[in-house]
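According to Swiss-Prot:
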{"type": "BINDING", "residues": "208, 209, 210, 211, 212, 213, 214, 215", "note": "ATP 1 binding site"}
{"type": "BINDING", "residues": "608, 609, 610, 611, 612, 613, 614, 615", "note": "ATP 2 binding site"}
{"type": "COILED", "residues": "393-526", "note": "coiled coil"}
{"type": "DOMAIN", "residues": "3-148", "note": "domain 'Clp R'"}
{"type": "REGION", "residues": "6-70", "note": "region 'Repeat 1'"}
{"type": "REGION", "residues": "84-148", "note": "region 'Repeat 2'"}
{"type": "REGION", "residues": "161-342", "note": "region 'NBD1'"}
{"type": "REGION", "residues": "343-548", "note": "region 'Linker'"}
{"type": "REGION", "residues": "558-770", "note": "region 'NBD2'"}
{"type": "REGION", "residues": "771-868", "note": "region 'C-terminal'"}
């Protein structure tokens, strides 16, 4: 018997049977060893017997019994499983005769299974005949399975029932109730039906952005076929979704993938138009399985597509269609394009309403309608890099999952009581060991408190368990209704009118009445520990978590924080009232939801001399809004002085180094859409930079080098500049105000430097005034407070007299340079001498240092702090 003339599956089975013989210490490989392998899960042999109507588990037990009765041999040099038994040799000879009768080139598994029926006296054959399995019946099954084909390939078993192996029957899935309902998309489904009804080129390809519902359209068509809501020519059709991954996986040798695909196509062709093939991500067939000298999957499909023998629906995204399909013109022209557009917000709300029931049943929660509306509107506005309805469905799913997790977790109140109980029990155990009166008294009080707490914990636990049971009861009732509705659909499709009438007028109304009673009973309980409702607030929290943009309703603490934003900024930025007011007002407008949804939250141009707080205000705002001054996108425009550096903002163009990295501005905002963008020293940048900023200021959007639109609608744009600072320094009044004449002069210089279309798009141009003496004193107070804070860590208290502060202000401040020289002056005159005192040991921990003025010089006096 030539093993080379066997199919791969049979060769592998014999090799595995030898391993069984070795494990069981049997000298020969018998029929039972081989059948042990044939009956393994997912093996061709097991599936073959299952289709013949045999109880395979009982047959497997019979095979095990036969193996147990086989004699095992023990010894030092015994060779196990090296020979075939007389029975197995005889079986393979019978199988070879059958192979010649069937005119096969290779001996396949099903022929060996049939050959067993020839050995009438063998134990397993007798068992099969007792179970009603006959040679005639098995032969008929083989002929049906082969459909007139001969075995010409070593992988023949893989090609039987290829569609079942490598595809999913969508129509069957709908009948089994495994698919969510498809709402809308009627126009696209009609287009698909029309193209499928053509004589030739009857292959639609659905093209659209990821997440717009291309696969859903095919599922919608499957649902219509089940409901018989299609033209006559499609009523008896079935849709198979081809799994390209399963088709390619495990194809080890050249040509194996093509054989599998040919087997699938052969089955489709044999069905005479009854099977519609659906390939998701159809661009994968271009080049799939392509190796040197072999054809790719696309070329195997072309002849059948052209002749109309294959009904194929494809789905792919716009980018991949352009990249793969359009390159292969011959393949592209065999398809008819159906463009799937993103649904509107209104359509998305309808889709969500249709899916609501499925989500409620799956998660066991109650989803409010306002949550669905919020999911559609908020995802459309804030999640800009994905598409409806996918992103809205994700929000509802995520919010429902959050509530479900909370429902299954212990409520906070009960958790607190349980932890307190544990704490007191530990204390009780410790006090029991003490014998003094105070401890006994404390123990008595503690035991009293423990008794009360235990009672409270038990009642809360009972309430929680009851509420959970009530929620689960509602969830189970919803699932029952869903099952009954599915049964009703089945009954109507099969014209079982009596069953349909019982369900429609009896079972379903009864279940709905019971559900209503349960919901009303739940609604009466005012105080609830379990939150089971998904509202718009939960959706808003999910949006905030995904994007970092706060869209939840204002809570009390945040209201106070926003109303005090002005004061907080003033504490850090001293003297610039107009600028602080303008920025804080923009933030308040945005959180109240009143700002223009198509523009940034605010765009400001800060003008003024150096060192008066322009950049500091941006940092202060970042710290107040995001609790960290690093939480802002800071771009120093002095780095963008050359024309070619402009591309760094939006990314290098294709073909240039760094194309994959994206732009510094666009990438930062894409990852963090709610932020402050600070463009420092903007007048230093090349004029072309301002052209890039035009659409940011006007529409709140910017397209990067890869064509992705980055959303700037939730950013505060702050630009700083020193233009006209000399005029501001010279023209400021003693009171610290800027005369109108000086303001006009500065504006004229500004108009000369920036184009009108740039200035026209900025919300507010704010002039920062040079600092007055009072402002400078305030800044000195702030700087010395920071120094005092650093000294506190060394247990040194710092005090500075008003005269000393005035002297520092008069000597350290230069109007032309703003507050920055003050920092250097304080370092030189205060920090350095103080550091020397500490290092020399004259100032020790637990010391108070007072800085005062004497003979126009700062003097340091130190005294020990008395311990209280």
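Each residue, glycine too, has its Cβ placed from N, Cα and C.
Shown here: features listed in Swiss-Prot, placed on the structure.
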| residue | record | Cβ contacts under 8 Å, 6 or more apart |
| --- | --- | --- |
| 208 | ATP 1 binding site | 214, 317, 318, 339, 340, 341, 342 |
| 210 | ATP 1 binding site | 317, 386, 387, 390 |
| 212 | ATP 1 binding site | 340, 341, 342, 343, 387, 388, 389, 390 |
| 213 | ATP 1 binding site | 185, 340, 343, 351, 389, 390 |
| 215 | ATP 1 binding site | 280, 315 |
| 608 | ATP 2 binding site | 614, 722, 725, 728, 767, 768, 769, 770 |
| 610 | ATP 2 binding site | 722, 725, 817, 818, 820 |
| 611 | ATP 2 binding site | 817, 818, 819, 820, 821 |
| 613 | ATP 2 binding site | 573, 574, 575, 576, 579, 768, 818, 819 |
Site of maximum Cβ density within 10 Å, from binding-site residues 214, 614: 614
DSSP three-state assignment for residue 608 (ATP 2 binding site): coil
Sparsest-packed among the binding-site residues, when each Cβ's other Cβ atoms within 10 Å are tallied, from 211, 609: 211
Average model confidence [pLDDT] within the region 'NBD2' (558-770): 80
Other CB atoms within 10 A, centred on residue 612 (ATP 2 binding site): 28
Secondary structure tally of the region 'Repeat 1' (6-70) (DSSP, helix then strand then coil): 46 helix, 3 strand, 16 coil
Integer Å distance between the CA atoms belonging to residue 209 (ATP 1 binding site) and residue 612 (ATP 2 binding site): 49
Between residue 211 (ATP 1 binding site) and residue 609 (ATP 2 binding site): CA-CA distance (Å): 51
Environment of 208, 209, 210, 211, 212, 213, 214, 215, the listed ATP 1 site - residues of the same chain whose CB lies within 8 A of the CB centroid: 216, 315, 317, 340, 342, 387, 390
8 Å Cβ shell about 608, 609, 610, 611, 612, 613, 614, 615 centroid, ATP 2 site members excluded: 606, 616, 720, 722, 768, 818, 819
